[in-house]
Protein chains: 4
Amino acid sequence: MLMEECGVFGVFLKNEANVSPYIVEGLIALQHRGQEAAGIACSNFKKIELYKKSGTVSQVFNDKVLNEITGTLGIGHVRYSTKGGSSADNAQPFLIKYKNEYFSIAHNGQIENAEKVKRELEKNGTIFMTGSDTELILHILVGKLKTPPHKWTLEEISSIIFENIKPSYSLLILFEDRIIAIRDKKGYRPLSIYEDEYGHYISSEDCGFKFLNPNYKKIREIKPGEAVEISKYEVKSIQHETNEYKHCFFEHVYFARPDSNVFGRNVHLMRERLGQQCAIENPVDADIVVPVMESGFSGALGYSKISGIPIELGLMKNRYIGRTFINPGQTNREIGVRRKLSPIIQVIKNKRIVLIDDSIVRGTTMKRIVDMLKEAGANEVHVRIASPAVKDTCSWGVDIPNKKDLIAQKNIEDIKSEIHADSLGYVSLNGVKEILGSEYKNYCFFCFGGK
Amino acid sequence: MLMEECGVFGVFLKNEANVSPYIVEGLIALQHRGQEAAGIACSNFKKIELYKKSGTVSQVFNDKVLNEITGTLGIGHVRYSTKGGSSADNAQPFLIKYKNEYFSIAHNGQIENAEKVKRELEKNGTIFMTGSDTELILHILVGKLKTPPHKWTLEEISSIIFENIKPSYSLLILFEDRIIAIRDKKGYRPLSIYEDEYGHYISSEDCGFKFLNPNYKKIREIKPGEAVEISKYEVKSIQHETNEYKHCFFEHVYFARPDSNVFGRNVHLMRERLGQQCAIENPVDADIVVPVMESGFSGALGYSKISGIPIELGLMKNRYIGRTFINPGQTNREIGVRRKLSPIIQVIKNKRIVLIDDSIVRGTTMKRIVDMLKEAGANEVHVRIASPAVKDTCSWGVDIPNKKDLIAQKNIEDIKSEIHADSLGYVSLNGVKEILGSEYKNYCFFCFGGK
Amino acid sequence: MLMEECGVFGVFLKNEANVSPYIVEGLIALQHRGQEAAGIACSNFKKIELYKKSGTVSQVFNDKVLNEITGTLGIGHVRYSTKGGSSADNAQPFLIKYKNEYFSIAHNGQIENAEKVKRELEKNGTIFMTGSDTELILHILVGKLKTPPHKWTLEEISSIIFENIKPSYSLLILFEDRIIAIRDKKGYRPLSIYEDEYGHYISSEDCGFKFLNPNYKKIREIKPGEAVEISKYEVKSIQHETNEYKHCFFEHVYFARPDSNVFGRNVHLMRERLGQQCAIENPVDADIVVPVMESGFSGALGYSKISGIPIELGLMKNRYIGRTFINPGQTNREIGVRRKLSPIIQVIKNKRIVLIDDSIVRGTTMKRIVDMLKEAGANEVHVRIASPAVKDTCSWGVDIPNKKDLIAQKNIEDIKSEIHADSLGYVSLNGVKEILGSEYKNYCFFCFGGK
Amino acid sequence: MLMEECGVFGVFLKNEANVSPYIVEGLIALQHRGQEAAGIACSNFKKIELYKKSGTVSQVFNDKVLNEITGTLGIGHVRYSTKGGSSADNAQPFLIKYKNEYFSIAHNGQIENAEKVKRELEKNGTIFMTGSDTELILHILVGKLKTPPHKWTLEEISSIIFENIKPSYSLLILFEDRIIAIRDKKGYRPLSIYEDEYGHYISSEDCGFKFLNPNYKKIREIKPGEAVEISKYEVKSIQHETNEYKHCFFEHVYFARPDSNVFGRNVHLMRERLGQQCAIENPVDADIVVPVMESGFSGALGYSKISGIPIELGLMKNRYIGRTFINPGQTNREIGVRRKLSPIIQVIKNKRIVLIDDSIVRGTTMKRIVDMLKEAGANEVHVRIASPAVKDTCSWGVDIPNKKDLIAQKNIEDIKSEIHADSLGYVSLNGVKEILGSEYKNYCFFCFGGK
């Protein structure tokens, strides 16, 4: 039933070019938000056509497909891997025909009141053809607006969604002649809009515009509670009233691409700043700072700056991995993490190491990394996490395992022992408050044990 | 006719496990040496079986294949992408049946006197079924040793190869009950051997042993002019006389994996040291050091250390790229390099940047990176290359384009202008001599304009 | 919106074996009813799992899939190729979760009042996630029965369907612990049930039971208006009142497999009998009877028996065809039909031929066959069709082109000239009446111009 | 080491069209001669390019490939499935570069003295890169003709091959500007040539020309011992002396397509005539003649004509089969043959059946068919084979199992019992002599126990 950590991308071109390659390029830039499935829906003002399949964007699309699915406006989606369920059917966008008109929807987020809305709808005999939260939005829209879709106004659509669907959602709706983008009132997930001489573009993260333009002029975030409509060729926006923001701090810590700007801040710089804060809160006497590449790199830069301890490439990441071919049963050796991360002995040997990563969830991988560094000759391994400890699950789209599997349910000493580290330090929530200042209240820290 | 920049991996197990998953794991660790094709040949002491195909290791192999191609000893090969020719036929290893006995061969390198040997053999009516240099070695061996392969001794095989085949080659020959490894007398390409309680392993680079063992005990290089034979269960070695080494310096600069040790030195540390030397030779007043990720990272660490200019993540690499979907004809915008590398504006803007990469070949990509940084707001871009300039082609296995296409055929000022840089600096050959000391004479610097 | 000419197969096993391979074998036997897509849904009494994809049964399924989709009861579907629409989404069975319970449906037929029912449902805000008629049945069921699916009785389900859904349909519904089979009151499409010591089996055609048993004991047709429920381990049946049958005569002429028995008659024998009737109605002085293999073979046997003219292999069918590689533009020659059917010159030359096929739709192919026979030396070609002329379209599941494209809209003389035949004869509807006797009134002859 | 039962096709176009689609169409017509692999080699007068892969012609080729492998002249090959060996490497044509010139070869047949020639060549240090007999021909040619290939004359090539290579072979050699076709002096395998206004075509069987032309004008067999050269744009032919023909009678009985003419006779008519002879030699009192479709159809027509017993469709062949999904271990039922052949009960029940097939090899399948007919209610099953009994293996290209596995090693009574038949009859070699008359001596009957 989860539909989290996805990415959406929409384009409305002003010229005669085919829109589908643009959407695909945007989805490639958002690929880090979901690798399970990808899809696009395009309209030529008369008909909407859809293509979606399991796989990464490069696996799903090719020139043949892009020559068949053509149009002037369109939306796309990358889907995060979830367990169970018939995944091909849950791939997005969805395409619906109502009263002889097509419309299509793509959604990033997880609806808090999904089960409640569903039970309500089922009472009236509504059936659900997919396991996706997104289908709810369709039923709500159609149930309230029984006119043909081309008559539905931006006001009506956004009001109905804001009234009935609880966050989180950053969603795109494609009609035959317009695109509507809606971001929930709490602003859980990012959503940005960009215009250039060739068209309008909407993207989950603004890194999606990079292939068009390396600087960030004319890019702005769609605001929490804002609904935008792009038609031929104007942009209309409605701002609904909202009283409290709930930006997902995990977007900064883990999801978003380092070169993206989310919630008004660059992600890499935020991670670097968290690394600095971690150094302030958890100083240690050591020889080198070693990032767990690539996730720990920004934080390590920050830790190094504050501590003065030089950053070194102590752990190399193997670009080519895929699944393991040697069955653990075939040998007495654990080889999983060794294929992905390689210690550089000459850097590590006899050194006291500050090992930096962005987060620890279960702790299994971290223990293996610490072991590997020690096997490779490290004298001490001090683990530093450039974020607060993950202590709880999430109902707004972050795929966190059961609370009892979270290592941060234990106390620091126990975690330290369990991961074989010589010391361990996180960033405190107070530390984060220092970084964010007055904006701290606009973020959700639920999974970090915040209120 | 080129067969360069490949990787080989061999295993002889002491226990009952199936050898093929081990070879495949080794090839994954060597994947950076060639992504066009992969193959393995395994022997169960009675028969050798072969499987090879175009694609990366993960694409070529799956459990079904590994359950069919089984044995106790075997060899594998990853092949670098070359233009033209019927590539599937040139994939390695080759499997040959001579006098009712099978043997198989896998080769990393390029034979200097290939054309001459080929013309000689053709005079006697030899035909070549592939476009690969490697086939020559087979014809020479069989032409000189007309007895069945199981009678061929390590002495005979290595003497014939050393007498007739000019470097470069690091090669593996699999017979039904033994593996022979031979490294040419100049030592152009690396080759290492490792033993543990489960078996013997041979790999182009010692990073191939990492999945077995993260520390480097019991690993040694096979020496130039050395021939090694692994049988049940002993290792025999013959050292042929050799008067001059010619280690390929490009292995340090570009080919080898940073965590590998080639020619007795760790590759990452060598690159870092080259970055230091570059800083010594080419100082500049700047605000940040920005590596072209990932190739320039080691050099950038070195440059930063010497110069005191902090290293920053100014250019992010997109992990998910593949081919471009937008045809340049469809738009007036150049998007290629922008998909792969993303500037982080907040890091770059109004900064004077030292941009570090490992090498420049044609200069086209470097120009686009410089342009992109300036578009993103950089005040100055000073390009620093952590190696000497590439000025010539190679006959021993490095795939360098025509001499006239090499930008370093021009003078520094012209190159600087062409790539739109504010300044440009390489490491001098003298600088390299300073790093290598007395070992300098053991390296080949032909492509760097060395003697 | 069409969903015709499909096939369904269901199995409820009594023993511990996995049901999915049985369904797949059944679908292979029904493959002639649809080659576009195939799917199965299986229940292990706790959960229903689904797998479906575009392609033939052999392309869609493999051992890996069958080991993942397991259970004790299940249903399957093969889908006929239709134009337009997002075909993967329309593949069946459909899997629905309602009130936390799964159920699945597979349908063969076309719902006469689909558009009307759809408009009605849309008025109440129902949305349709697929383009398939089958979805309607789901909405109707859920709309009327708002309790959880396990409470729905055979009586309720069948009554609701019979009251609201107009034929044609032979459908299977899979619940977690039972299978329900329903055949419409007119009996348009066939549906049979079979029991042996291992389980119960339901199939569109009884040829689906052949892999289990080559004789026809314990096989019976599910009757028009009958609803059957198979649970652990009993079969319950309800017969709803019905006043008029409408068996599709095209099942005999074209759809069904010759070894099947539909509507109480063997298909091959019916086609042979039609060939006999054609000979009675359309005698001609000729040398040999040549069937258009394989569709005309049964009819040709009948024509030969009555006329005394020997049957000969004058036209061979090439088993290996697929699409044409030579573009007609590349050459001045028409090659399509020549690849599929080959005249045997020595059989044909200087002969007066009676050419037998099962039907003519547009007439294009028949013209080419006649031309080819004449080019190969035939003196005369007398076309005889072992069925009445196809003069109209169908709303109950037969995919017939627009009325104006049907060659039988013209008179016999014009058709004869257009297909270049020396004479032409069909079976008359009166002839069919003679064959069927009192059962004639139980069949639909709408597309043959019948009432 | 076997390379039998393949098919070859060559085209030299006179106009500007691309030759590769023509070769592919020809290979589709020859697909029955081999389904394991397919390949083509095409020349544009400057360079020869090759494409080959495992799979059927339709699986191997698509428009993309045919747009890449282009030219004016070319050859193709379909390969029969053999066990063991690295099949992809053995796919044909082979492409060789000798003295900087390309040439390519495709071969149908099996070389009788292959092992002897191989041992001879190995003595001189020749190595074999494939397991194919065809490679021998290359080594012999190059070993004798050390000049560049463009200097090799038709006289030289054919003389060397006829002197050194023992039959069987029907082979095509493609040079950059000509095609050479050679048929062995015994004429074991068929080979035909055809010319029309667009080009010259060579095919293993003349059915390969059907897509171009349905009548047989301007088609002739290449004679045993004949060598033909097609260049721009003339055909040159050399007839070498030959003293004895050895046409493979199995081509008539089993290999060739019914509409082909091999050795001057139509295959279908020969099979029908064998069926007649079988009726003359083995009369029986019965109700119906039932062919094992499709292989027994021609023979059954013949048996029916002589015996006066009507032919009936008692066994239907299922077009869609592929591999079995139900593991025999999963059930106590044997289902293999039941999926492929379906009895039509109403035709068979209570009947005395003459069951006709083209041959029996091991007898396992025939026993199952007889059992199935009896299970379906047949009173008697009299097996009649429209060819002599297969009693021996073959060294010239027919893939017959070990002598001890041939059921015809037993006497008629034992075979009859083993296959559960009520009676059994073959055609005698004397009967074949009666059919062939004076040409009998020109055929090889080795596998039928002939001299």
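Positions of Cβ are set from backbone N, Cα and C atoms, glycine also.
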Which of A:Cys248, A:Cys278 belongs with A:Cys394, A:Cys444, A:Cys447 in the [4Fe-4S] cluster site listed by TrEMBL: A:Cys248
Site co-member for Mg(2+) according to TrEMBL, given A:Asp357, A:Asp358, out of A:Ser295, A:Ser423, A:Ser428: A:Ser295
DSSP-derived class (H/G/I helix, E/B strand, else coil) of A:Cys6 (active site, nucleophile): coil
Environment of A:Ser295, A:Asp357, A:Asp358, the listed Mg(2+) site - residues of the same chain whose CB lies within 8 A of the CB centroid: A:Tyr254, A:Pro291, A:Val292, A:Gly296, A:Gly299, A:Ile356, A:Ser359, A:Ile385, A:Ala386
Nearest of the binding-site residues (A:Asp357, A:Cys394, A:Cys444, A:Cys447) to A:Cys6 (active site, nucleophile), judged by Cα-Cα distance: A:Cys394
C-alpha spacing of A:Cys447 ([4Fe-4S] cluster binding site) relative to A:Asp358 (Mg(2+) binding site), in angstrom: 15
Euclidean distance between Cα atoms of A:Cys394 ([4Fe-4S] cluster binding site) and A:Ser295 (Mg(2+) binding site), Å: 21
Nonlocal neighbours by CB distance (under 8 Å) for A:Cys447 ([4Fe-4S] cluster binding site), same chain, sequence gap 6 or more: A:Phe250, A:Val390, A:Lys391, A:Asp392, A:Thr393, A:Cys394, A:Val398, A:Ile400
For A:Cys444 ([4Fe-4S] cluster binding site), the number of other Cβ atoms found within 10 Å of its own Cβ: 23
Distant-in-sequence Cβ neighbours of A:Cys248 ([4Fe-4S] cluster binding site), under 8 Å, six or more positions away: A:Ser168, A:Tyr188, A:Arg189, A:Phe255, A:Trp396, A:Gly397, A:Val398, A:Tyr443, A:Cys444
Cβ-based isolation winner (fewest other Cβ atoms within 10 Å) among the recorded positions A:Cys6, A:Cys394: A:Cys394
Sorted by sequence, non-A:Cys248, A:Cys394, A:Cys444, A:Cys447 residues with Cβ within 8 Å of centre, [4Fe-4S] cluster: A:Tyr188, A:Phe249, A:Phe250, A:Trp396, A:Gly397, A:Val398, A:Phe445, A:Phe446, A:Phe448
Residues satisfying Cβ distance under 8 Å from A:Asp357 (Mg(2+) binding site), sequence separation of at least 6: A:Pro291, A:Val292, A:Ser295, A:Gly296, A:Gly299, A:Met366, A:Val383, A:Ile385, A:Ala386
For A:Asp358 (Mg(2+) binding site), the three-state class that DSSP assigns: coil
